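Novice: Structure incoming, see below.
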Amino acid sequence: MRRDPASAAASSSEGRAARRKAAKKRHGRRGGSHKAAEDSQDTQGADDVSESASRAPLSRMEARRQARARKASPAVVASRAIGEVFITCGVLMLLFVTYQLWWTNVRAQAQAGKEASDLQSDWASGEGKPGVFEPGQGFALLHIPKLDVVVPIAEGINSKKVLDRGMVGHYAEGALKTAMPDAKSGNFGLAGHRNTHGEPFRYINRLEPGDPIVVETQNEYFVYKMASVLPVTPPSNVSVLDPVPKGSGFEGPGRYITLTTCTPEFTSKYRLIVWGKMVEERPRSKGKPDALVS
């Protein structure tokens, strides 16, 4: 059966209309989806802006208010201050100990070394003049081979001029005046630091009877042998410097040497005394004594 052309045209027109209507519906659904997504993005953006605003720098007044709110209590402030004081005191004490135990030795040993070098140069050039010496003036070298000590001997026992410069001092003034090595009889008394400032007498407690002690001057060597020791005595006991020192075991006049220093270590409460007796006087022209060669 053949369809009427008019009916076919109408049917085709209705089909196109139906398809357009369906397309509009689909477009509407997609548009709604896009709008929802855009709304979601707008909401998230607003949240980000709010969060950024919460992290924005505080104004000066707000910062001050918050700082006052966080201000430590008086107890905390006091504990911090006390802690800082203790730390400062500890640092200062460490610096002082370093200065006393290390730097004073470095400086004094350098000064004593220069004095010894100058003294030997003067002797070699003939400029040295034996005789009476000024306070603080070096005039001899003390050798203690067992202790590997070589140190200048200066006139007097002044701390600033002699002892603190790393040298050994000769008791040469007032009631404590003692003989010189070249005297025919007497006691050659010497003082030296046991700790700090070069500490030349730090280990004289290790000397034993028979150990050599040598005094070198411009023209001679004077060799003593260690004889006895007094481990502890008060500073007021000046009889240890007598021509025949009390407590030494010497029974009569002779040619003696006395070494004095502080004890115990790092204190000046008592004195440690070491005595020796001369066993040889040797001109420098004959060379060094055996005690300095062997």
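Counting begins at 1 with the first residue displayed.
Glycine is no exception: its Cβ is also placed from the backbone N, Cα and C atoms.
In case it helps, TrEMBL gives these features for our protein:
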- His193: active site, proton donor/acceptor (ACT_SITE)
- Cys262: active site, acyl-thioester intermediate (ACT_SITE)
- 1-15: compositional bias 'Low complexity' (COMPBIAS)
- 18-33: compositional bias 'Basic residues' (COMPBIAS)
- 1-73: region 'Disordered' (REGION)
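How buried are the listed features, and what sits near them?
Specialist: Around His193 (active site, proton donor/acceptor), the same-chain residues six or more apart in sequence whose CB sits under 8 Å from its CB are Leu163, Asp164, Gly166, Glu199, Pro200, Phe201, Arg202, Thr261, Cys262, listed in sequence order.
Cys262 (active site, acyl-thioester intermediate) falls within a strand when secondary structure is assigned with DSSP.
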